[in-house]
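Per TrEMBL, active site, proton donor is recorded for Tyr53. Per TrEMBL, substrate binding site is recorded for His111. Taken from TrEMBL, the feature domain 'NADP-dependent oxidoreductase' applies to 21-260. Residues or ranges marked as site 'Lowers pKa of active site Tyr' by TrEMBL: Lys78.
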Amino acid sequence: MATSITNHSVLNNGVKMPWLGLGVWKAKDGNETLAVRSAIEAGYRSIDTAAIYGNEAGVGEGIRQAGIDRDQLFITTKVWNADQGYESTLKAFDESMKKLSIDTLDLYLIHWPVKGKYVDTWRALEKLYRDGYVRAIGVSNFHSHHLEDLRQHSEIIPVVNQVEYHPLLTQKELHAYCKEQHIQLEAWSPLMQGNLDHPLLIELGQKYGKSPAQIVLRWDLENQVVTIPKSITPERIRQNADIFDFSLHAEDVEKIYALNDSKRFGPDPDNFDF
Ligand SMILES: NC(=O)C1=CN([C@@H]2O[C@H](COP(=O)(O)OP(=O)(O)OC[C@H]3O[C@@H](n4cnc5c(N)ncnc54)[C@H](OP(=O)(O)O)[C@@H]3O)[C@@H](O)[C@H]2O)C=CC1
Ligand SMILES: O=C1CO[C@H](CO)[C@@H](O)[C@@H]1O
């Protein structure tokens, strides 16, 4: 049970990853810098970006402005689909590191399972890991069949699978598979991209004296899912981190699970047109 913002998941290679991080998709034009700085000031120690978000340089700037020791932070970025393949991934990694202006990355993810490419991409991630440039390597948007395929064609197991996960898309089978394989599930769009007006979430918010966003983020923690809500609003950034002073009763966790209707806000990885 996570009781503090510094609580972490211990990944399958022993690296510690905070249960809560800040997402920064769509944060641009300086908002990403302000958001990262506000988050670090509020106690966040994990930031999730990606090459395709176009804000790695601004994220790096926010980290510097916060004036925190690099080893206190957990930074994730991702290789974009157009850069997949062995050599092109190594090049994309260098570019991301230059933009972030850091020497070592905490977590590098394959953003989507691009058919015919992700195994070679994974070999590049394995090299970066073995050479010490990345502390942990993982994937995003992988179904269990992608993970099985990778398992049969590679040596290192991903530490994390970052997938769309929220009350309307609970991914129970994938979650069970990841648990069995010691792959940490990480939730993207945990706040359903701001669609938080469901009556149950409002009712539970009133019951626990919390907002619907806090109820959903606490539900992630109860389910041992790493979560990375995005906000560029300092007050919401603080609110989203104020989830360590309460816990949900088991029956309420189940009520939220029951909202699942396999609703995706993003594409299904099997149908995504790369
Ligand atoms: N691997 C992948 O393929 C993907 C990864 N991601 C990652 O996951 C992160 C989170 O997902 P994302 O899609 O951004 O969406 P989220 O589910 O985190 O929702 C973000 C939206 O919710 C609003 N919001 C934040 N906090 C609150 C609150 N307390 N009350 C009400 N509204 C709130 C934000 O507004 P505002 O900012 O204006 O405060 C924003 O509009 C991304 O930023 C990215 O890092 C996302 C998509 C795909
Ligand atoms: O993380 C994400 C958000 O941005 C991308 C598109 O621009 C998505 O495809 C992706 O999954």
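Backbone N, Cα and C atoms are what each Cβ position is placed from, and that goes for glycine too.
Sequence-distant neighbours of His111 (substrate binding site) (same chain, 6+ apart, CB under 8 A from its CB) are Ala50, Ala51, Ile52, Lys78, Val79, Trp80, Asn81, Ser140, Asn141.
Considering other CB atoms within 10 Å as the measure, the emptiest surroundings among the recorded positions Tyr53, Lys78 are those of Tyr53. As a whole-number mean, the pLDDT of the domain 'NADP-dependent oxidoreductase' (21-260) in this prediction is 98.
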